[in-house]
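Chemist: Before we start, here is the structure in question, set down as structure tokens.
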Amino acid sequence: MNSASDIRTTQVSWNGLDLFIVFFTWFILSTGTAFNSAGKTLEQLGFTPWLAGYIGAVAIHLLQLGIVWVVIFSKHKLSWRDFGFRPLTKKSTVQLIIWSIIGFVLNAAALSVTALIWSGESSKADTIESSGFLLSLLMVAVIAPIVEEAVFRGVIYKYFRVKFGFLVGIILNGILFGLDHVPSWELVFNAAVMGAFFAYVYERSGTLWTPIIIHGLTNAAVTILFFITIGLGNG
């Protein structure tokens with residue numbers, strides 16, 4: 001069976017209440033209060049502030065993924081493949097290259113539009129800089145893409161796709177993904193555009209690995225450029 005057809009025809013196992021639980025807990029755990037609380041708790045255990053903040057962020061992401069496991073995987077007895085983690089085929093690997101190029105261009109365009117209307121510094125700049133290059137890259141290019149794609153494309157988009165159809169599902173998914181980045185307002189437009197794009201790529205490829213990889217690559221590119229810019233500025 002074509003993997004993409006699974007998304008278009010398969011009914012989701014989870015219901016609206018499951019979706020609400022996943023999204024509500026995601027929203028609560030994504031607040032600055034939750035991240036600060038995790039960091040402060042680890043500081044009391046002897047970790048330095050920046051390391052406490054980083055480990056706290058990783059722990060929160062793992063907790064968010066754990067909630068998906070309990071509410072979606074365990075409750076409905078789904079395998080990784082059933083959920084959307086299907087292996088890449090030769091065809092989807094070739095498509096991945098094409099979609100990655102499109103993703104880079106789209107990401108750059110969205111960031112350029114944001115730059116026209118946003119004159120302030122990024123709210124994430126200090127956090128990324130304090131974490132250092134390798135740890136920042138691990139977070140934005142590996143951990144965050146896996147967790148975010150599992151929730152926003154794996155759980156939320158698939159539910160919207162079945163209930164409202166392809167176009168409305170993609171639009172709603174993009175809007176929610178953008179709003180998820182509040183109060184980092186400079187990231188909202190870019191996240192909304194890329195969220196819709198990731199949902200479209202998932203729709204076409206039929207595997208969550210495609211948007212995860214593209215998500216990771218685009219985040220990595222921005223992070224690398226950020227550290228290059230810092231290096232040039234300090235040089």
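These residue numbers are counts, starting from 1, taken along the chain as shown.
For all residues, glycine too, the Cβ spot is worked out from N, Cα and C.
Positions annotated as transmembrane segment by TrEMBL: 12-31, 51-73, 94-118, 130-147, 159-179, 185-202, 209-232. According to TrEMBL, the feature domain 'CAAX prenyl protease 2/Lysostaphin resistance protein A-like' maps to 132-220.
Let's see these features in context: how buried, what's close, how far.
Modeler: Residues 60, 63-64, 67-68, 71-72, 75-76, 78, 151, 155-156, 158-159, 162, 176, 180 of the same chain lie 6 or more positions beyond the ends of the transmembrane segment (12-31) yet place their CB under 8 Å from a CB of it.
Using a Cβ-Cβ cut-off under 8 Å and counting only residues 6 or more beyond its ends in the same chain, the transmembrane segment (94-118) has close neighbours at 88, 185-187, 189-190, 193-194, 197, 201, 204-205, 210, 213-214, 217-218, 221-222.
Packing against the transmembrane segment (130-147) from elsewhere in the chain are residues 50, 53-54, 57-58, 61-62, 64-65, 211-213, 215-217, 219-220, 222-224, 227: each is 6 or more residues past its ends and has a CB under 8 Å from a CB in it.
Across the range of the domain 'CAAX prenyl protease 2/Lysostaphin resistance protein A-like' (132-220), the DSSP-based residue counts are 79 helix, 0 strand, 10 coil.
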Chemist: If we skip the immediate neighbours and take only residues 6+ beyond the ends of the transmembrane segment (209-232), which ones have a Cβ under 8 Å from one of its Cβ atoms?
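Modeler: Residues 85-88, 92, 95-96, 99-100, 103-104, 107, 111, 125, 128-129, 133, 136-137, 140-142, 144-146, 148-149, 153, 194, 198-199, 201-202 contact the transmembrane segment (209-232) from elsewhere in the chain.
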Chemist: Could you tell me whether the transmembrane segment (51-73) and the transmembrane segment (159-179) are in contact, taking contact to mean 3+ Cβ pairs under 8 Å with a sequence separation of 6 or more?
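Modeler: Per Cβ check, the transmembrane segment (159-179) does not touch the transmembrane segment (51-73).
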